[in-house]
Amino acid sequence: MSAVTETAQAAKPARTVSLRGGATQKLLAFASLILLVLFFSLASENFFRFDNLIGIMLSTAVIGVLALGSTFVIITGGIDLSVGTVMTFSAVMTGVVISFWGLPIPFGIAGGILTGMLCGFISGWFVARMQIPPFIATLGMMMVTKGLALVVSGTRPIYFNDTPGFSKLAMGTILGIPYAVFVFFGLAILAGIVLNKTIIGRYNFALGSNEEATRLSGVNVRNWKIAIYAMTGIFSGIAGILMASRLNSAQPALGAGYELEAIAAVVIGGTSLSGGRGSILGTVIGALIMSVMTNGLRILSVPQEWQIVLVGLVVVLAVYADILRRRKK
Amino acid sequence: MDIPLVLMEGIEKSFPGVHALKNCRFELRAGEIHALVGENGAGKSTLMKVLTGVYRKDAGTIRYKGKEVEIPDTKAAQQLGIGIIHQELNLMPDLTAAQNLFIGREPRKLGGLLLDDRRLYKDAEKLFRQLNLNFSPDTKVGDLTVARQQMVEIAKALSYNSEVLIMDEPTAALTSAEIEELFRMMGQLREQGVGIVYISHRMEELKRMTDRMTVMRDGSYIDTLQTADTSINRIISLMVGRELYVNTKQAAPRLNADTVLEVKGLSRGRAVRDVSFSLKKGEILGIAGLMGAGRTETARLIFGADRPDAGEIFVHGRKLVIRGPHDAVRHGIGYLSEDRKRYGLMTEMDVRTNIAVSSYGRFRSAAGWMRDASMDENAERYVDSLQIKTPGVHQIVKFLSGGNQQKVVIGKWLTRDCDILIFDEPTRGIDVGAKTEIYKLLDELAAQGKGIIMISSELPEILRMSHRILVMCEGRLTGELSGEEATQELIMRYATMRITEPDAKHA
């Protein structure tokens, strides 16, 4: 701008900490989590115990990591239906590297993560370059990876019996807490940093908020979108390794349906399926709410069939509460 | 005489079927506010889109500070220092103002690994201070008023060191106080030597704020004038100045006919404010006004597509509660949207289905099966009577021409026995020959006793067709004219009549 008058002494805009919007939703979700924990603790003395709480965390880990990854794609306004089976395929590839090829564990880990990333990259490429709707592109990827997992493994589980260290990856403990729990929370912190502090995170929100405006601002929208899908793939790969380690085997038939639970966790956490809004903290809380509910209901001897019904209702109610709150504004 | 900041000469631009810009000329000096005026469709926006690289010119030259330049895309315009604030804002509502300002060029730290949000907000605050904006740059854009969103757009455009700023109808959605804020900012920028192109229909604003004016009409350059020496009447006559169509309508307004529709005090937000009028049997009531005057919004309220804040609607003297389009349709009101493809037709389906869709109940057998034969028969009747040019009733609608698609929509509402028809821009995107046919059809429908409301931005069309004309501006009815007394000048006068009002205070 040419020759700007610096004399203008406008009132210095106060930096307000924006407690609106996302923050209240997170607070709300967090309060619901606390309420649930309180409720189950009062309802059964078996709930609020160290080993049960650890059990909840452990069962959150795999779905939680998938949900972390899904958060990125969902904030762009897209969806990734393939995270569950990409996880399975990544687990199988880890098994192939370690058990079939006999390579050391780190190679297996790299193989699993690369598999996930490649799958995400391909989905992203179809979405961004070929303009295939995310629902379709990732539905295709879901089926392809489901099939490939069976093909590569010969439809049988791959066991890690020759590498006893592998199961330690998820199940080794510090202070009685399994590594998988640390991995989940560690990844959550990392995902939070990526989403809020890095350029890819910023474009992630921008894309979901108004893709055309982002494009007109000179951002290479396509490439960033591909990168975001690839990142979601990386999280699926890590989830696959955790899963395989926990079961000490890569189960090629497992994994379908996990993507929906992951999406449910993301949505309970207040991330908008229409894009532009969302948070990692919300997703973590969402994932915890789901496993607290499942665990608590099981302790109260609610039949598993009814557990599913109740979780389904919670998903819808959580989103409705968000819509109500938004409408009031 | 110093070199103009921008000089466009001999600009030509054609789209399939339309010669949008014909030998256009435009000159902008540094430190001036230059109005670009003309009727809807005169080519103002197209010309500015050529300047900002959204469209590529077919011929002509653009000189920037005396040097000839090519502007192949929006990025090139940005680099030259030409910024535009579009009519529809181009922001990301979920990001903060500061994040929006620097999208695509965020400051970074740690070797580019992390975003440097402290610097981002510091830079944004600096920019805000320079522009005297007194709200926080870390507010989410979606939480800002439209006026402030606009300020963010302006700040964004200026942060590219823009020396040319194009504003396309910036005041359309603002209150008087917000407009004052905008004007203060424009004055400040002018002093700093920025050249501002200001597109607006509001004559008083143009008189007050601009230094010069360029008038366009039908894609051609008409004249550039000193604002101070030019009267509003002179500008309007230059804008309109084409040959008037001969008024061919024969039917006189039927003064003693029954009132079919009456609207009292209809209001919705700022878009529609206290609108009252009535429509008689066999009457064509034209509603004129500029874009954003609230005409379509009024029609949508009558049709039940939106809920009014206040107001009553009477059909044949009976008060109606219209909860949604289904209620309106049940009472014989049909609405023909200006955007036929989106709101009027199922373009992937055939003619017969489109004509039948609002009256499916009639084409159903007692057992619930659809009776294809009677749908065919009905469609064929309207293909005949409306002279829809189609190879058959099974033709997919998207393969028909615009005029024939419009006739299919008319057929749909006639099948439903609607006696009140609201036409929103009935001839938009329809070629000249087909227009005459649509006009004839409207006349015939009126002669059969239908009550017709016709919303149109084309003044000759309004003048030719209407028995009576309502003029709207900013959500209000500002004038009512009989078909005889109406002239283009008079309509434009009412259509630009802004009513100053004490401001609704809203954060």
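Backbone N, Cα and C define each Cβ position, glycine as well.
The transmembrane segment feature in TrEMBL is assigned to A:27-48 (among others). Among residues of the same chain six or more beyond the transmembrane segment (A:27-48), those with a C-beta under 8 A of the stretch's C-beta atoms are 268-270, 282, 285-286, 288-289, 292-293, 295-296, 299-300, 318, 321, 325.
According to TrEMBL, the transmembrane segment annotation covers A:54-74 (among others).
According to TrEMBL, the feature transmembrane segment maps to A:81-101 (among others). Below 8 angstroms of C-beta separation, residues 62, 66, 69-70, 107-113, 115-116, 119-120, 123, 135, 138-139, 141-143, 145-146, 148-149, 152-153, 158-163, 166, 232-233, 235-237, 239-241, 243-244, 249-252, 254-260, 262 of the same chain, each at least six residues beyond the ends of the transmembrane segment (A:81-101), sit close to that stretch.
What TrEMBL records for A:107-128 (among others) is transmembrane segment. Outside the transmembrane segment (A:107-128), and at least 6 residues removed from its termini, the chain residues within Cβ reach (under 8 Å) are 78, 80, 82, 86-87, 89-91, 93-98, 134, 137-138, 140-141, 145, 166, 169, 221-223, 225-238, 240-241, 244.
Remote same-chain residues near the transmembrane segment (A:135-154) are listed as 79-82, 84-86, 88-89, 91-93, 95-96, 119, 122-123, 126-127, 250, 252-253, 255-256, 259 (criterion: CB distance under 8 Å, separation of at least six residues from the stretch ends). Annotation source TrEMBL lists transmembrane segment at A:135-154 (among others).
Residues 50, 54, 57-58, 60-62, 64-65, 68-69, 71-72, 75, 168, 201, 204, 231, 235, 238, 242, 245-246, 279-281, 283-284 of the same chain sit 6 or more residues outside the transmembrane segment (A:174-195) yet have a Cβ under 8 Å from a Cβ within it. Residues annotated as transmembrane segment in TrEMBL: A:174-195 (among others).
According to TrEMBL, the feature transmembrane segment maps to A:226-247 (among others). Residues 58, 61-62, 65-66, 68-70, 72-73, 76, 78, 80, 82-84, 86-95, 108-109, 112-121, 123-125, 127-129, 160, 166-171, 180, 183, 187, 191, 194, 200, 204, 207, 254-255 of the same chain sit 6 or more residues outside the transmembrane segment (A:226-247) yet have a Cβ under 8 Å from a Cβ within it.
The feature transmembrane segment is assigned by TrEMBL to A:253-273 (among others). Residues of the same chain lying 6 or more positions beyond the ends of the transmembrane segment (A:253-273) and with a Cβ under 8 Å from any Cβ of it are 22, 25-26, 28-29, 62-64, 66-67, 69-71, 74-75, 77, 79-85, 87-88, 91, 142, 146, 149-150, 155, 208, 243, 279, 281-287, 289-290, 311, 314-315, 318-319, 322.
Residues annotated as transmembrane segment in TrEMBL: A:280-300 (among others).
Annotation comment: TrEMBL describes A:306-324 (among others) as transmembrane segment.
Listed as Cβ neighbours of the transmembrane segment (A:54-74) (distance under 8 Å, sequence separation of 6 or more from its ends, same chain) are residues 80, 83-84, 87, 134, 170, 176-178, 180-181, 183-184, 187-188, 191, 195, 204, 228-229, 231-236, 238-239, 242-243, 246, 258-259, 261-263, 265-267, 269, 271-273, 275, 278-280, 283-284, 286-288, 290-292, 294-295.
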